[in-house]
Amino acid sequence: MQIQLNGEARDLAPDLTVAQLIDSLGLTGRRIAVERNEEIVPRSEHPTTHLVDGDRVEIVHAIGGG
Amino acid sequence: MTDFFQDQPLRIAGYRFSSRLLVGTGKYKDFDETAEAIAASGAEVVTFAVRRTNLGQEEGPNLLDVVPPERFTLLPNTAGCYTAKDAVRTCKLARELLDGHKLVKLEVLGDDSTLYPNVVETLKAAEELIKDGFDVMVYTSDDPIVAQELERMGCCAIMPLGSLIGSGHGIQNPHNVRLIIEQSRVPVLVDAGIGTASDAAMAMELGCDGVLMNSAIAHARQPVLMASAMKKAVEAGREAFLAGRMPRRQSADPSSPFAGRING
């Protein structure tokens, strides 16, 4: 399946969970937040949220700004 | 503050702060400089931006390690948002990032070249965020009627610009800022435009409850020294405001008595 991850197309194994995606990106334990199709995916739901083809996923973090 | 005088804390949305200087975290050379400047500024409230994580790159130190939420009151901002929708999404991401944190700095911009606030979108976003339980400190124009409306909606702090973001032009319309201060029952902070210490002091002398700045410190030749200057300027301006300035006079008025002069 293919999703849009931070604005770019990415091919993933079917039925991946958000937690597995984060793990595959090496971001487990990092201070990040995840949005899927413009809805927050709370941290507690990362292991149970399965991605589907066409999902638009954003993974964000804090950076310097004023 | 001087030891014989204890100021009231700055109260925003249930928080109490002894420092009235709020700082940003952008434009620094590196995280060491960021940390040193924030320490020198004495700021307790620190704002940051929310951006896409760089995927596939080695993840370096995180800003939240430099300004840990346990030590600072973090103020996620919606810088770079041009619509109410994006600003609301950004605030929700920030709330998730900080485990339910509700205090945000809302800014919705109008265009790239001025970064002037789009007040129509700002009002829309503020309404939605407040309904969703956020405590909204709002960056806005220096229009007193817009400020009044934002307060009526329930924003917890009104933050008019002094001049354009990052311009360092100081407070271009002190009369409007004063009008906003006089009418507001929530804290008013000048956000944007501060260039140097006297601008910060001026904001506080006008009666602002605080000042928020980033570039004035980060783009100074010596950011850490400027951070220290800003701390003093905000304190000095606050004390001068509370002390009440002398009346302006048309003519001179000698400080030394006339009586007893040797040429009398």
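Placed from the backbone N, Cα and C atoms, the Cβ positions cover glycine too.
B:GLY166 is the residue from B:GLY166, B:GLY207, B:GLY237 that TrEMBL records in the 1-deoxy-D-xylulose 5-phosphate site together with B:ALA192, B:GLY193, B:ASN214, B:SER215. Candidate recorded positions B:LYS105, B:GLY193, B:ASN214, B:SER215 yield B:ASN214, B:SER215 as lying near chain A, with Cβ-Cβ distance under 8 angstroms. Here the region 'Disordered' (B:245-264) has, by DSSP, the following mix of helix, strand and coil residues: 0 helix, 0 strand, 20 coil. Just so you know, the Cβ of B:ALA192 (1-deoxy-D-xylulose 5-phosphate binding site) picks up 27 other Cβ atoms within 10 Å once every protein chain is counted. When the CA atoms are compared, no binding-site residues among the candidates B:GLY166, B:ALA192, B:GLY193, B:ASN214 lie within 10 A of B:LYS105 (active site, schiff-base intermediate with DXP). For the binding-site residues shown (B:GLY166, B:GLY193), fewest C-beta neighbours within 10 angstroms: B:GLY166.
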